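Trainee: Structure in structure tokens, see below.
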Amino acid sequence: AVCVSLLGAANIPPQSLNLYQFKNMIECAGTRTWLAYVKYGCYCGPGGTGTPLDELDRCCQTHDHCYDNAKKFGNCIPYLKTYVYTCNKPDITCTGAKGSCGRNVCDCDRAAAICFAAAPYNLANFGIDKEKHCQ
């Protein structure tokens, strides 16, 4: 099944469509809701500094770096770029032209979703004080 599913996306502002796809991909690959990652560690969620706190936080740091690399391809804006992929729980397949902005962003999100699903989740690292723990 194609998981682009824009049927439920009609009321979502265009600028969040990629994050909506990433959310669906996270939930395809694993068993946790995407909300479990929004404020996790030093790198999950917006921004990121310091040393990752654990394996899951490293997944988010790697995802940030992957997006940084995707930005190097012309005017690729990962947070705005939508893409096409299929989800056959827990398998995710990115489609589209290899090397294109959409495919690069999809590959970043796919790798992160798989990494999130495999990494242990430490509840103590959710909602931490980033000023204190991420320098």
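From the backbone N, Cα and C atoms, a Cβ is placed for every residue, glycine too.
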Trainee: According to the record in Swiss-Prot, which candidate from C87, C94, C101 pairs with C28 in a disulphide?
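Mentor: If we follow Swiss-Prot, the cysteine bonded to C28 turns out to be C87.
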Trainee: Let me know which member of D64, D68 Swiss-Prot also records as binding Ca(2+) at the site of Y43, G45, G47.
Mentor: D64
Trainee: If you follow Swiss-Prot, the disulfide involving C94 connects it to which of the following: C106, C108?
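Mentor: Among C106, C108, the cysteine that Swiss-Prot links to C94 by a disulfide bond is C106.
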Trainee: Based on what Swiss-Prot records, which one of C42, C44, C76 is disulphide-bonded to C60?
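Mentor: In Swiss-Prot, C60 forms its recorded disulfide with C44.
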Trainee: Measuring Cα to Cα, how many Å separate C66 (disulfide bond) from C94 (disulfide bond)?
Mentor: 15
Trainee: DSSP on C42 (disulfide bond), three-state: which is it?
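Mentor: Its secondary structure by DSSP: coil.
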Trainee: Taking Cα-Cα distance, which of the recorded positions Y43, C44, G47, C60, D64, C94 are within 10 Å of C115 (disulfide bond)?
Mentor: C60
Trainee: Just checking: which of Y43, C60, C94, C106 have a Cα that is within 10 Å of the Cα of C134 (disulfide bond), counting only these recorded positions?
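Mentor: Those close enough are Y43.
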Trainee: Under DSSP, is C134 (disulfide bond) helix, strand or coil?
Mentor: coil
